[in-house]
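A quick write-up on the structure given underneath.
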Amino acid sequence: MTVTSRRAAAGALAAYSGVVIALTMLKAFFRIGYLWDPANQMRRGVSLVPFSDLVEAKSWFGPLFGYGGNIAFFVPVGVLAFILFERARRPVLTATLFGAGFSLLIEVSQYVFGLGYSDIDDFLMNTLGAFIGAKIAQWFGPRLHKVWIGLAYGVVFLFISLVLAGESFGDPEKIKQV
């Protein structure tokens, strides 16, 4: 990988990580349509019992959405970390550990700063997502590195656009309290 490609991968990972941080810890400070109420985001909580959502859930959708969303959310982290650490002795392990460390940092920060709910399941699913992303990058090899990097920058651009659009998406009159 060239120095330019490494810089592009590092930039994409940093930018995408910013999106992850914004969507996990900073939702009290911005809005995308009416997906969440910023007033409800300043809270502190912790769940250290793995997979308790499966037992306590009132429907199958909540855990499926939560677990699947966390996995999908960290697949790009694993892909980009693999690209960045491809020369490491064990790049899949290195990328997975990077994802686990990043997730742990988020979960601890959410608790310390009262900016979200710290959950062992989030950590586990995020780590699994990073592993899956690293394996995807390994399977497809260097020929798709530029595609992954471009997609990451595209997601960042889309996120920024949605944040700038703010409340213009959605109709507050159609919100149903659950």
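In case you wondered, yes, glycine gets a Cβ from its N, Cα and C as well.
Since the structure is predicted, the reported quantities are computational estimates derived from the model, not experimental observations.
The domain 'VanZ-like' annotation in TrEMBL covers 14-139. Among the features that TrEMBL reports, transmembrane segment is placed at 12-36, 64-85, 92-117, 147-166.
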Which numbers of helix, strand and coil residues does DSSP report for the domain 'VanZ-like' (14-139)? 90 helix, 8 strand, 28 coil
Please give the average pLDDT for the domain 'VanZ-like' (14-139) in this predicted model. 95
